[in-house]
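**Q** Pasting a structure here, questions to come.
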Amino acid sequence: GGIFGIISAYLRKFLRETPVFEQMKKDKALEKFPLKEVFKKAKMGIVLSMMITWVLTGCIVVMILLMPSYMAKILQINTSIQTYLQIGGILLICLGCIISGILADKIGVIKSCVFFSVFFGIASLLYFNTLYRQNADFNLVACLYLLVCFFSGVMNFCPLIMSEVFDAKIKFSGLSFSYNIAYAIAGGLTPQLAFFLHSFALNNLSNFWRFSLGVYVFFLAIVALLCAFIFSYLNNTQRTYSQ
């Protein structure tokens, strides 16, 4: 981290503002209080950005940070295997982000977001159905976990969508406000909620309530899908996101 910090400080002096921003400076079109304009003109942008940030938070906190330890207790595996699973999940989520980005370049953000959202939802239901049951099979659970982590690449649509929902004049303020507030709220509440749902599922392995945590993750897939549809609607009606 220290090395990367030094490199970042060195590279910073080579950065220049974008042509759009430079032109706004020349035209004196910069907002004096951009956050005020965000609340005034970009309410839809804020809501949409916060929704997709919620999805990103769930993918990281639940699938990468929490599930490996939950799996270790359920499947009674040792710490080294748990660590390998977690590393595998991280690698697959990185790959998922790359593939989703390539797909967004090829077929567009909306279609690729729908694709990843649908398969993220399906994979998560299969995974949690296999994990929260009596005598869960380790090999099958591990494979499905890695599959869910790959489709957790749906979190890549957070920056892809957020970077398009605000006009240039208020883009930085709108994006930073929406992301930081949403991540703070979701990041703070998700671990407690996930632990509650996990514990509740363990006490109900013989009935539908074993899907408790799975339903939450599936709901995040629905939120991601809804974000894609909102994004599509705004594009089709040719409205800018700050109007």
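Each residue, glycine too, has its Cβ placed from N, Cα and C.
Below are the features listed in TrEMBL for this protein:
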DOMAIN    1-238  domain 'Major facilitator superfamily (MFS) profile'
TRANSMEM  46-71  transmembrane segment
TRANSMEM  83-104  transmembrane segment
TRANSMEM  113-132  transmembrane segment
TRANSMEM  138-161  transmembrane segment
TRANSMEM  181-201  transmembrane segment
TRANSMEM  213-234  transmembrane segment
**Q** Please tell me whether the transmembrane segment (181-201) and the transmembrane segment (83-104) touch - that is, whether there are at least 3 C-beta pairs under 8 Å between them, with each pair 6 or more apart in sequence.
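**A** Answer no: the transmembrane segment (181-201) and the transmembrane segment (83-104) share fewer than 3 Cβ pairs below 8 Å.
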**Q** Give me the stretch from 46-71, 138-161, 213-234 with the greatest number of Cβ pairs under 8 Å to the transmembrane segment (83-104).
**A** 138-161
**Q** Which bits of the chain, at least 6 residues beyond where the transmembrane segment (138-161) starts or stops, bring a Cβ under 8 A of a Cβ in it?
**A** 48-49, 52-53, 55-56, 59-60, 63-64, 67, 71, 75, 77, 85, 88-90, 92-93, 95-101, 104, 109, 112-113, 116-117, 119-120, 123-124, 126-127, 130-131, 179, 217, 221, 224, 227-228, 231
